[in-house]
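Structure record follows, encoded as structure tokens.
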């Protein structure tokens, strides 16, 4: 008879979680599947922030920057592929907002309708959009890592800098109307296509696209955490200097995993624009980035699955409350209060409590 | 002295912190397998010297050689890879990892991220782990979280983490600080076991401990070299006595 | 051209007002107060309420806001910060939660919205403050047109900076704060009541934020989220200036304010923010510990 150990219990939890999300289409209709897909995407953001914060020790207060970058990159491709863009009268597709903002005698072509529109040209290829959705966040993360982590700057200032970046990005994206669509963001998008198959956001196939992506991200992240590099990363989180004096270049580990976290967030953004059919500067709202941190804190920052489930459940809860105007504001207040309480009394989040219970269960059966 | 025989060669090392000369024109040679103790009053510059050797502090003058390779002002992780191990005054271990995990991290063969993306299951030399743990009185604590170790066990873990890497030179900053007499005895046994295989430089104040383990003593005073020799030479050295005048000599 | 310099000075002086409190609290306690911006917001709302219900003008609101916000600060320190002294980084998160609570308190009018009661001056909408007459008319001195309100702000910040310097370097309690800054354990060993001094320090920082709020209410629309980005600006000043350095905060806010003003003159406010941010990054790369770092090695 197999002994029930703590690690067995962990595997069971993962299997149950995966089974649940993969079987939801049996119970939900297309509208609810679409909504659930969005929550799963938030779950992916939970994974990203748990990796960065719980394991690498880098609290990114501007996760929305990576998420938004991913969304906009694919969004640009999907915008160009939409029927509206193709019918603007030029040889090349042109986003409608560029037409509205154009000078009276501008050339009706994507290359030159305004002085930055040529940057959109490569996005006519959806693959380029997909590539950039991951590459741009990784590039930004890599820059932050190489420039800032190396300098041994205190963790709090890294958080402040990421915060400043997302605030700035929000302003810049809204300001650059002729390039990004400004305040309205990118709307009226084509459906995502793979080999001719179109992903209608309100179908089971799109749901599985998201669900399976989440499973893959979860598993890859787990593998990374369980690797030697993952253990070294946690050592660096615990005592950066000790790790350095054992021969590890702490900054390179932090940068690597920060980039992985950014890639996951970019990927989540990409999936979001496919599912929600828009990309908006609100992705870079401060409140959204902070919400992600709160989800992970409540779920358990040092638990990949914990942060994932925390993100999914709290965002679900928040959405169900948003029907009533008054409740929206008080939900925010409740969330704030809960956050303070979690930080004060439950620093390891709900997952921490669950881990404690699991350890007791497995110890009581004679194992440990 | 042949370069081959010396593990650590410090030449005219100095560091100036915005006008304050913490260490000035300090030179020292340490032979392979030697146990050298650094003595000096607080503020003499001993810890600063160690900081410069392991790369924690940048020097502003002079050079340091490990064997025949220069390590002056290189990044700390490179110096560690080249063969210097440092144990700090305030024990620093990985608190949320278990003893076994702490040692696994210390024992990693490769240091880059990409080389370490493989699984933990391979490349853990269990025999060596057991050997080092029993050397440092930690045999029964393999799965204990480092933060739950007792006050005396934490420095032993740190020592174990250094030993398992087999560094050429080990720097110890007050290895018996805050230990009970019993713990100090156990620590001196660990250190005597290491003699000969490793080169050790230790900063210490506990003279009984120093008498137990030291081959040679270097005395620092106000950031400069004061005297060097065997314990009997040092105790009879007039310059040393003068420096400690008023504190009743060295006990 | 001189106008631009003047505007730069006034932007800098507001930055300084916000950064002063942050700098002292972070420098001496290591506490990261993310609710600082909301305390500024509270100061602004105090001005609004005082004007609506007590007929106070701006000048009278200054001491009132200081007291109200210092009181809030004491409360926050007692209830939240005090439990986190052994894990200071978590103060960032906890105070963020407090910031959310403070914002929502205003939006929900301290809960009274639920009962259908509406307090004028609170709520999610915009509020404004009328300036005393003496502040609205610009006057000319020789060739220069002087805007009295901006001048007033610069004067108030200068005054508060001097006051803070005086408190820190010329009083007993300031000495104690500086001792705690250098080495809290030693300070406690010397008989300093670290808990009490920390609480007072935090309250003072909060009071300063309140005064900043009064100043801001005079030229910015008062709304619940007006404080959100201020804490970032404040910390950027602290990073550039050097943690714990009063002079550093003054110089840094001067430089960043001036830079903001100059760039905004040539393009727009947003580009100015981007340039200031880039400058902050550049300075940190050059001097990771800030311009004036007293902590030595």
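Backbone N, Cα and C atoms are what each Cβ position is placed from, and that goes for glycine too.
If you look up TrEMBL, you'll see A:12-33 (among others) marked as transmembrane segment.
With a threshold of 8 Å between CB atoms, the same-chain residues lying at least 6 positions outside the transmembrane segment (A:39-58) that come near it are 21, 66-67, 155, 158-159, 210-211, 213-214, 217-218, 221, 224-225, 230, 233-234, 236-237, 253-254, 257-258, 260-262, 264-265, 267-268, 271-272, 275, 292-293, 295-296, 299-304, 306-312, 315-316, 319. If you look up TrEMBL, you'll see A:39-58 (among others) marked as transmembrane segment.
Taken from TrEMBL, the feature transmembrane segment applies to A:128-149 (among others). Beyond the ends of the transmembrane segment (A:128-149), by six or more residues, the same chain brings 65-66, 69-71, 73-78, 122, 158, 161-162, 165, 250-251, 254-256, 258-259, 261-263, 265-267, 269-270 to within a C-beta distance below 8 angstroms of the stretch.
Taken from TrEMBL, the feature transmembrane segment applies to A:156-173 (among others).
The list of residues near the transmembrane segment (A:206-225) in space but at least 6 beyond its ends in sequence, with Cβ under 8 angstroms from a Cβ of it, reads 14, 18, 21-22, 24-25, 33-34, 36-37, 40-41, 43-44, 47, 51, 55, 192, 199-200, 233, 257, 260, 264, 267, 271, 274-275, 304-305, 308. For A:206-225 (among others), the entry in TrEMBL reads transmembrane segment.
Annotated transmembrane segment per TrEMBL: A:246-274 (among others), in sequence order. Here the transmembrane segment (A:246-274) has long-range neighbours at 37-38, 41-42, 44-45, 47-49, 51-52, 55-58, 60, 63, 66-75, 78, 130, 133-138, 140-142, 144-146, 149-150, 186, 189, 191-192, 199, 201, 206, 209-210, 213, 217, 221, 224, 229, 232-233, 235-236, 240, 283, meaning same-chain residues at least 6 beyond its ends whose C-beta is under 8 angstroms from one of its own.
The transmembrane segment annotation in TrEMBL covers A:286-314 (among others). A Cβ distance under 8 Å defines the sequence-distant neighbours of the transmembrane segment (A:286-314), meaning residues of its chain 6+ beyond its ends; these are 13-14, 17, 39-40, 42-47, 49-51, 53-55, 59, 61-65, 67, 163, 166-167, 170, 214, 218, 221-222, 225, 335, 338-339, 342-343, 348-352, 354-355.
Look at TrEMBL and you will find A:326-346 (among others) tagged as transmembrane segment. Counting only same-chain residues 6+ beyond the ends of the transmembrane segment (A:326-346), those with a CB under 8 A from a CB of the stretch are 291, 294, 297-298, 314, 318, 352-353.
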